[in-house]
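Peer 1: Straight out of TrEMBL:
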BINDING   G194, G195, N196, L197, R216  substrate binding site
BINDING   D217  Mg(2+) binding site
Amino acid sequence: MASSLIAFSQIEKTSHNSHKFGFTLSPTNYGYWKAMLEPFLITNNLIGYVDGTIPCPPPIVQTKNSSGKDVEGDIVITQPNTNHTIWVSNDAHVCMLIMSTVSEASFQHVHDSMGSLATAEACDTNGALLATGDIRVLPPIFKIYGQSRAFSGPIATLKVFEDNVLVRELLETKGEGRVLVIDGGGSMRCALVGGNLGQLAQNMGWTGIVVNGCIRDVDEINACDIGVRALASHPQKSNKKGVGERHVPIHIGGTVIRDGEWLYADSDGVLISETELSV
């Protein structure tokens, strides 16, 4: 490599040192995490260790004698490449920097996604729980939106009617892998969730949103890295009066859903379970 690399310790980094980042990667906020971390890497000339534009130099370099002439009898000198040593050290530091922004929940999310619980399998292996109502199947009334076709998590319930002020207030809190289940009374006259709230849910760490009602900004929601279920789409926005109830038992399609229970959704349907199910 013609130019010399600068050691990580000598790089004049911005004020955002690796141990001072105010954000972490969660299972559902990749877009926000990337938007925060990437500028730091670019500003400090570290992005090349991530995208491969700063390749690893060879560990050994060979040079000829001082004459510089390519003639028989030239002495070839072999010596360690200091750029290689610096690159390996810098690469390790960048890796540690990135890993310092990854939450434990993200590692668990990767593990869970490798063996995610299929709703059909859950029904086949838990007949007794279905019979007692400990596992309940929601009626097939929902359309699938969002990038995550399969998702699961503990439930936060919300009961509203054609008013989404409380929807925003809940989504502004840390999701921590939860699923917001909204009983909107099945209203088909306005949307309770739009693109901005979908992005907010993603950024705040919510895994998914289930709406007994309508959504809008479908293209924007489909670009969000969360799972969304709703009855339909509707272009009209909802009221802004702030009326509703949080964390209360709700009913969707005749099925009771309680705050703190677990929801499992995939292409086959939506399950509600009193407790977390094992794969």
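Start at 1 and count along the chain as shown; that gives each residue its number.
Every residue gets a Cβ built from N, Cα and C, even glycine.
Thinking about packing and proximity, how do these listed features fit into the structure?
Peer 2: In the three-state DSSP classification, G194 (substrate binding site) falls within coil. Of all Cβ atoms in the protein chains displayed, 22 besides its own lie within 10 Å of the Cβ of G194 (substrate binding site).
Within 10 Å of the C-beta of D217 (Mg(2+) binding site) there are 19 other C-beta atoms, taking all protein chains into account.
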Peer 1: Rank the binding-site residues G195, N196, L197, R216 by how many other Cβ atoms lie within 10 Å of each Cβ and give me the one with the fewest.
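Peer 2: Minimum Cβ neighbour count within 10 Å, taken over the binding-site residues G195, N196, L197, R216, occurs at N196.
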Peer 1: Three-state secondary structure of D217 (Mg(2+) binding site) from DSSP?
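Peer 2: In three-state terms, D217 (Mg(2+) binding site) counts as coil.
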